[in-house]
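Asker: Take a look at what TrEMBL says about it:
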- G13, G14, T15, A16, V185, L333: FAD binding site (BINDING)
- K78: 7-chloro-L-tryptophan binding site (BINDING)
- K78: active site (ACT_SITE)
- E342, I346: L-tryptophan binding site (BINDING)
Amino acid sequence: MMEPVENVLIVGGGTAGWITAAAMAKLLPKQVQVTLVESDAIGTVGVGEATIPQIRRLNMLLGIDEMEFLRETKGTFKLGIEFNNWGRVGDSYIHTFGEVGMPLGALPFHHYWLRARQGGSNADLWRYSLHRQASDENRFGLLERVGNTKMEGLAFAFHFDAGLYAQYLRRYAEARGVKRIEGKVQDVSLHSENGRIETISLESSEELSADLFIDCSGFRGLLIGEALGVGYEDWSQWLPCDRAVAVPCERTEPLLPYTKATARDAGWQWRIPLQHRTGNGHVYCSKYLSDDEAVGTLLSNLDGQPTADPKPLRFTTGRRERFWHKNCVSIGLASGFLEPLESTSIHLIQSNVSRLLELFPNKSFDEATIGEYNRLVGIEYELIRDFLVLHYHQTEREDTEFWRYCRHMSVPETLREKMELFGEAGILYRNLDDLFREASWLQVMLGQGITPKRYHPMADRLSDDQLRDFLSQVERLVQHAVSGLPRHEEFIAQRCAAAA
């Protein structure tokens, strides 16, 4: 029997490092020692303050009380993302986390809506969205299902302070045996024969060894890139933004239960509401906009007074050619970067940690296990990439050079096929490995301006009167459910308000 891994060394803290440490401390046998080395002198990116509902799986896995977690991280609830000015200037839609309407028979709801639309109805699809109507009225509650119907309740995620989140997870991990070492990595030593990482040396001259190394060092990729020489696959031909500037501002009312993503001349601006402040940032392409112009655009479009200086970031969208190489696994920004347009950064961390735990190696580090991990992570990155590219490419905007480029650029074949199928027949085939459900693709495709030419013929099983009655019933169910929800601020005040 091969020897089991006994020591894991995580290089880098922040969200990536401490999610990894927390999950390993919870799930690995006690005899596996998990150590994390980080330096207080190195700042973390800390802009990943918005999440998607999959984070609730991580919370459940770790046994985290979500109300306590929100108090500690000064968090709020999130029902979706509002996209402004993406398809056309003046357009607005919300990509919500839930289904729209409810299915009837074997057919998704949107085919009935399409039939009504082709029959002369001008009702917006989101009129039948529980999440959209709750967002518009600034309401939130814990609702798993609407009555005894097939309509799903509220699927939700969170906005939170990423710095406080890392501190929260650090306390969790250290309480379960993770050892933290303060220090900066100065050198990495490789085995002379097999090329694996043997030790890392700190500026203090301390040497640290391990069986398995986790690279959470951020964009730099200190272990996976600099030490092991794993290359990087550049995706900027599809996702051309390469810089961002972030700044917090004062909290403003009302406390919205959704993120905002507003398209600008050469990129987009995020707005993330927290209990104590609002997080803001401007993601842009330096080919079309200077750094000073980007900062000016951001500061002139804040809802409140800034509370810190703008913080610049530089990145290249893409992924590592291999996420796991020899005895090193890259997690977080060391493994790749997909801009936070759909709040996927923290999901990718937890997803990759989950896969690593499922495929946890022994000291042989066999190529079959490593290859399967790399295959699965690569598929997920590519599917998320396609979803992000959809937002940029499916636009009617021609008002700036940036948007002309995005509209006319070639896109991955996998995305083109999906767009064509939906545009012709309203059909969405979801890859089983796709993070985003059919409802997500539906809302973004419609929101960006793709209206299917036809609906599925099964929708004609209803008479005109039955169709009207069904749509009216769904609308009434949505309105009734929303009216019973408390205001977002009220729910937070009652259940998870942070200490002043």
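Each Cβ is built from the backbone N, Cα and C atoms, and glycine gets one as well.
Predicted, not measured: the structure shown is a model, and the values here were computed from it.
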Asker: For L333 (FAD binding site), identify the closest of the binding-site residues K78, E342, I346, judging by Cα separation.
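Answerer: The smallest Cα gap between L333 (FAD binding site) and any of the binding-site residues is with I346.
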Asker: What subset of the binding-site residues G13, G14, T15, K78, V185 lies within 10 angstroms of I346 (L-tryptophan binding site), using C-alpha positions?
Answerer: T15
Asker: Going by C-alpha distance, which of the binding-site residues G13, G14, E342 is nearest to the residue listed as '7-chloro-L-tryptophan binding site'?
Answerer: E342
Asker: Within 10 Å of the Cβ of G14 (FAD binding site), how many other Cβ atoms can you find? Include all protein chains, please.
Answerer: 26
Asker: Among V185, I346, the binding-site residues in question, whose Cβ has the most other Cβ atoms within 10 Å in this structure?
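Answerer: Compared across V185, I346, the most Cβ atoms within 10 Å surround I346.
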Asker: To the nearest Å, how far is the Cα of V185 (FAD binding site) from the Cα of E342 (L-tryptophan binding site)?
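Answerer: One finds 33 Å between the Cα atoms of these residues.
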Asker: Could you say which of the binding-site residues A16, K78, E342 has its Cβ with the most other Cβ atoms inside 10 Å?
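Answerer: Of the binding-site residues A16, K78, E342, the highest Cβ count within 10 Å belongs to A16.
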Asker: Looking at FAD and its recorded binding residues G13, G14, T15, A16, V185, L333, figure out the farthest C-alpha pair and report it in angstrom, whole number.
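Answerer: Between the most distant Cα atoms of the FAD site, 19 Å.
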Asker: Rounded to a whole angstrom, what is the C-alpha distance between G13 (FAD binding site) and E342 (L-tryptophan binding site)?
Answerer: 23
Asker: Calculate the distance in Å between the alpha carbons (Cα) of T15 (FAD binding site) and E342 (L-tryptophan binding site), and round it to a whole number.
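Answerer: About 17 Å separate the Cα atoms of these two residues.
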